[in-house]
Structures are given as C-alpha cells and as structure tokens.
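In what follows, a structure is listed as structure tokens, so that the remarks can point back to it.
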Amino acid sequence: MFAPLLKKLFGSKNERDVKRMAKAVQAINALEPQMVALSDEQLKAKTAEFQQRYAKGETLDQLLPEAFAVVREAGKRVMGMRHFDVQLIGGMTLHDGKIAEMRTGEGKTLVGTLPVYLNALSGKGVHVVTVNDYLARRDANWMRPLYEFLGLSVGVVTPFQPPEDKRAAYAADITYGTNNEFGFDYLRDNMAFSLDDKFQRELNFAVVDEVDSILIDEARTPLIISGQAEDSSELYIKINKLIPRLKRQVEEVEGKPSEEGHYSIDEKTRQVELNEQGHQFIEDLLSQNGLLGEGESLYSAHNLSLLTHVYAALRAHTLFHRNVEYIVQGDQILLIDEHTGRTMPGRRLSEGLHQAIEAKEGLPIQAESQTLASTTFQNYFRLYNKLAGMTGTADTEAFEFRQIYGLDVVVIPTHRPIARKDFNDLVYLTQEEKYAAIITDIKQCQALGRPILVGTASIESSEYVSKLLQQAGIEHKVLNAKYHEKEAEIIAQAGAPGSVTIATNMAGRGTDILLGGNWEVEVAALENPTEEQIAQIKAEWQKRHQQVIEAGGLHVIASERHESRRIDNQLRGRAGRQGDPGSSRFYLSLEDNLMRIFASDRVKNFMKALGMQSGEAIEHRMVTNAIEKAQRKVEGRNFDIRKQLLEFDDVANEQRKVIYHMRNTLLSAEDVGETIKEFREETLNATINQHIPPQSLPEQWDVEGLEAALYSDFAVRLPIQQWLDEDDKLYEETLRSKILEQIVAAYYEKEELAGAEALRAFEKQMLLRVLDDLWKDHLSTMDHLRHGIHLRGYAQKNPKQEYKRESFTLFQELLDSIKRDTIRVLSHVQVRREDPAEEEARLRREAEELAKRMQFQHAEAPSMEQAVAGEDEELPEGPAPVVPLEPVRNEQKIGRNEPCPCGSGKKYKHCHGQLD
C-alpha cells in the first residue's frame, strides 16, 4: 500500500544505487586533470604503486577512484576511447559483485576494463567469461594493448589448446575464455594425476559477459565429461525402424484425448508418454523382432534399458526436428542453441537421445558415453569469491539472479536517450498472412533506404523467409547456424542502406550493427590501403550513415515471439544503439508455437468477436499483454526447471566438494602413508565386525568366514581358529590387535621389497585411481537414482527427500568403498622396484590417452517436472521413461503377494513389485 509512496519519496533501489555511485564518479572526474598531466611512464608506474599499497593493507574499494581514473586515461592514450560517466557507474556495479544492465551499443566491453584492472591488482587473477571462442579472442585482442600498457598480462583459454599454453593463460593477470571452457577445465583439474597437470588457480573474480545467456539460458544443462561405454548401435537401429509404426494420440475439440493412438506429447514440457495401448503395441513389436522375450514386460527390471531406448527413439522422432533443434553436417548431428541459433559442435544429448537421432537420420551411431565428471554452471560460478556480469537485458530475470546467485541487477542509464520506436505486435490468423505482411513491410522500408533485420526463431523459418524474398526479387543475406562462418561479414554490412538481413536469434552475436555499414571491415578487405583510400572509405561511410539516420535507422522485424521476453528485448535492442533512430515490430500468427501452446484460445476468441477477415491483423495492447502473460508463464516454468535442477545438483555438489577436496589434499600430499594406515584399520574393523559382532559371544563368531574375508581384503591367510584353540586368553579386542599386527607385518615385507619411497608414490597413485573409478561409478548410480526417483511418489513419498536420503546412503557407501578397495588393491598387488617418476609418467600417459577419448557435453537438461510430481502436481499415469536405481532398503522387504504400499489395491508383484 505504501510502496508507491515510498518509491516516489526516496526513489527505487536502482535509482538510489545509481545516485550513490554518481558521487564516486565526481571523485574520479576530479582526478582526471592529474592523470592527464602524467607521462606514459608515470601512468604505467601507477600499477606497481597500487599493488604495493594493496599489499600494505589498502582495500580495492579505497583504490577504486584512482584506479578507474588511470584506466580511463590509459584508454584515451592507447585506444582513443574515453570512458563515459555512465560507463564508470557500470564499472563500479561490476566491482561490487552485481549485474550491470547496459543497452546495446553502450560499450560493455570497455566498461569491463575498469573492474578487471582493479581486481587484477590483487594478483589473484580475473576471469572474463564470454559466450563463444570468437568473442573471447576478439575481446582479449581488442583490450590487450590497454592492459599491457598498464603492465598486466592477458591470456585466452580455448578448446584443444596445448597444456603449456593453457597453463600460461591461467597464470596471466587477466584470462579470457568461454563459460564452457572454464567449466570443463575445472572438471579436468579434478581428474589430474599431479599438481603440475592442473590449470586453474583460485577462482577469485569473474566478469560474465552476456550474463543472462550463460547463467540462465544455459543453466538448465549440465556440463559433462564422459568416456565411451558399451556399444549398442544395433539396438538403436532396430528400435528406430519400429517407432514410425506408432501413432500420436490427438486431442479432440473438447480437449480430451481420443482413444486412437499410442502416445501423447506435452509440448509445454517437451515430454512424450506412451499410453496403455502404446505400451502393449510396442511390446508386441519388440517381441516379434526378437528384442523382448515372449510374455515379458517392458517394465521388468532386466528390460528397463530397452524401455530407455524406446523412449529415446520416440523423443527423437517426435520432439527433435531437422533444421530446428539440429542440423546434419556430413555424418554428424550438430545441435542448435535455441537461444542464439548457433551450432554447438562437440555437444551431445544424453540418455541415448543423440544416438537415437543418429539412427533416425541414418548416420553412423557413435558409442554411448559414461559420465566421468559433471557440474552445472550454477554450482561452478558460485565457487568464485566474487561474481559479476553485464548484459543488455537482465531486469526481467532479476528475481532469479538474486535467488540463485545472490546477484543484484542495476540498470545503468544510457549515455544518450533511446530514440527507438517499439510498435505494438500485429497478430494474424495464419502464418501465410503473417509472412505476406512481413514481405510488404520489408519492401516499404527498403524503398525508404532503411536497413532491415528480420529475426526468426529457427533455421526453418529463416529459410522460408529467404525463399519468399527470392520470389519477390529482394536481395538479402541469411545468418543462421548453417552459415555462421560468414557471420562477421554479414553483420558488418547489416546496417547499409536498404540491406535486408535474416538472422536466427540475434541473441549472443556480440557484434553491433553500425548504421551505414562498417567502414573498418571495408578497409581490412584492402591490401595495404593508403591514407587516401581510408579517408575516401570513411567519407563514403559518413554519407551512408547520415542517409540511414534520415531514413529512420534500422528497422527490426521479428517473425514470432520467443519463449523469453528477454530474447525479444535483445532483438529489439539491435536498433536504436547510442541514441540512433530505429524501430521494431513483431509479426505473429495464431499458428506460431508460443501462441498455439500458451495463448491461442483467449486471443482467438477475441479475434472472432471482432469479426476478423483473412489478411486482417489485430494491433491491440490487450493482445500484446496476453502474449507477454504467456511468455511469463513459460519463463516461470523454465525457472522452476532450473531451480529443481539446482536443488538436485546441490545434493551432488556437496558430495563433489568432498571428493574434490579429498583429491586435492592427496595431490598436494607428499606422503599418504598415514591415510593408508587409517584406511587399513577402518577396513579391518569393518571386516571383523561383520563376522565377529562387537560384544558378542564366541558362539556367535563366524571364524571361517572371517579367515576367508581377511584373505579377500588383505591377501593374508591367518589361522584364527588355531589361535583361539591354542590361547584361551584371546578375546575380541586382543584378537583384533593380533590380526592387525599380522596384516601390518605382511605389508612391511612388501615395503622392504619395493622400497619405502616407491611404495609411498604407488600408494598415492593407486588411491587416486580407485577414487576416480568409484566416483565415476557413483555419478552413474546418482544419474539412475535421479531419473527414477519420481516413482517414489506412487508410494506417497516426497521424491526430493527420498533423493537426499538415498544419495547420502550411497555417498557413505562410496567413502567406505574407497577405503576398502584401496586397501584390497594395495594388499594384493605384486610389487617390484620401479622409479616413482617413471610410474607417475606412465599414469600421466594413460590419463592423456583417456583425455583423447573424452567427450565434452553440455547435455540436454534432464526434465525435473516429474521428479517433483509427488509434491505439487498430480502424478503421471504409468511409470516414466527412465531407468530407476533399485532402491536401498531401510525398511522391511514387502512380500510379493502382499498389498502394494502405494494404495492401488493391487498385489505388490503386479504393481511396483515389477520394478524390483
């Protein structure tokens, strides 16, 4: 009630933040005459002075006004660019560990130099994170002269970089790279066999460019390093042939599903589900083709992997379309980033989905993979001591940034007022009418000499618009995932008078469209251009630039609304940069995906009430509001998916931290002898407790079993029964001590034979190997657990709580297994003298061989809607298409003929007992 009044009196939080920083800007401006008076050498010397002052106890906040003034002056001298006051505010926002929302063309790259320089003074390193390798290299090369003038080193990390180059890049004061490469290097570091093989230092400060794209759009999908698993390509091919025989269950007019069909598709959640008829039909087909035993159920425990293959193939055929979600290049499937329209070479979908698409397209099927290490961007970026980001559009996602990352969004004022006109959406009944209107708009703008940018949501749409323009005889350029090697050339001239550029999702392109075209690209195309040629090109560009401004600037046409308002705003933001004129218009139809799935009924009824005819459009704020409401619905759903992914990964993340800490401790330890000693005693006590329970009577002891277990775990044959027969004074505790003495003595014999130094090195390497192997298996088990955990909802249990409980049990078992397996390997190994350095070199060679076979995936996010179905939503009918882990039983086993605890009334063997 009082919020509007308080806001009027005191301003919004954003206004107060900007006002507070404006005072600091005055202090920086006051230092400018002092900096101008310094010679180049004196200005360079400021860096060493700041570093000394920091070492003596001054904080970075105290150094900020002078440091920013130094960077501003260096920018003028080295690059001919002076930071505006609003850019100083942006720099302070980033230094404070916040997100700066700055409009397109406001110079985000230059803004980044301010906090990057300041934080690099600490000597702990700064990471500048971009969305692709091209931008990482471009920005690093662009800003390198400025940083090097000030005495700071700059490095760039890229995929397939030689290890020594990558190590040098991370050792630099400032390191540029992509979010994927930083994330994968973190995972690779935690698979290293030596401290010398690690790349990254402490994760100190990261500035994330296009922060919304990296921390939100890509947060649904985990980073995975995987190795090859068993080959099942024949199975994919056989099942692929059966899927086209299944029919989709369509909805009738009333919204109820018809009885015809085998499966239904939920387009909102991108899930596909076999119905009862479909289950029976596919089981019959599998039986006829010899893939399923006669009378067997697809849901029997030993057939669950077959079920996974069926659902993977079904999703490949129904949810993934060529030239929309992926393209075929040679004999490979290249995924398309839905947010940027770029292809993602090297990325593969998980859970057999990529192989299913390869089978669908008749391509060679690459072997499935097994997860070796994984994390999410959410958990990786939260490892940094301080995180900041910048983007043109963050305010719509401010709540998520705050809740997930603890980052506030500050909207930075523009240097010049925005002069762009954003027209209301035009909504047509059909796509055909919509595209006809788009062509008409293009012709009108071209006649005026205005450049036009047409934004589409898929390659298919971009190629359709291109076809229509060809038929209309309009010259144009196409920028989509198929042709992005020509990207820079196309973008450079997208602002030329009358030019028409079709772009698939301009988000994340990272290049401004300059009105009149880009004269620097024209100069670069010449061989050894003279001063006269450069001056002539500049003059011609100035004439074109003025011509485009007078015509009304760049006109942005969008062929449909994206799921996210933010992506729409990014497309709009391509026009009207730095106060230039421009305009934008969205053309929609009731047949568009977003309208059809989320907003069609209400808008359709409204349009019918108006008595709209074919070819007519509606332009009304109510329609635009209805569409934005639909977008907010989608954004909310996507936020829930990301939040649920994080909640599940948080459980794994705590375990990941423990394992990685254990691993780093081992790597930095010169001697793990004490650790091995502890493992030996704990393993021995566990083995003895299993056969001689604490405080038990001798009659309860399983001596024969203990003798066998000791040989299995410690490779020693001990006559325990003989000891007990010969010595009446032996009881539980003294027996433990005697067994330990014998085991230690046997191990010391091994040490004398191999040499203490060699055995210590071997212990360390073997412990690392056991830890890695078991962690890899644990990740696979956790995957299966997560994918099947929603089934617990049938038994009225909370899937999230069940996941936490069972994953904790699994982790305890993992820690016990690491101890037991390490001792077992060390006890059984036959030792011979070998140089520790040779052993380490051999292990490193093996690790390099493994690295060659690794795959780096930013895999499709596993769906989490079903995982929380037990909490908020109605459970789906029938089990989901995933492989559940067999539950760890802490409760009493249920008899097969007893009633099922889920409350269905069926016998357990006919209900959930089929999964046991």
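Counting starts with 1 at the first residue shown.
The backbone N, Cα and C atoms fix where each Cβ goes, and this holds for glycine too.
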Which of Asp441, Asp512, Asp568, Asp592 shares the ATP site with Gln87, Gly105, Glu106, Gly107, Lys108, Thr109 in Swiss-Prot? The record says Asp512
Just how spread out is the ATP site if you go by the largest Cα to Cα distance in Å among Gln87, Gly105, Glu106, Gly107, Lys108, Thr109, Asp512?
17
Counting only other Cβ atoms and using a 10 Å cut-off, which of the binding-site residues Glu106, Asp512 scores lowest?
Asp512
Of Gln87, Thr109, the binding-site residues given in the record, which has the fewest other CB atoms within 10 A of its CB?
Thr109
Other C-beta atoms within 10 angstroms of the C-beta of Gly105 (ATP binding site) total 20
Taking the recorded ATP site as Gln87, Gly105, Glu106, Gly107, Lys108, Thr109, Asp512, identify the other residues of that chain whose CB atom sits within 8 Å of the mean position of the site's CB atoms, giving them in sequence order.
Met102, Thr104, Leu110, Val111
Counting only residues 6+ away in sequence within the same chain, which have a CB under 8 Å from the CB of Lys108 (ATP binding site)?
Gly90, Ala100, Met102, Asp209, Met390, Thr391, Gly392
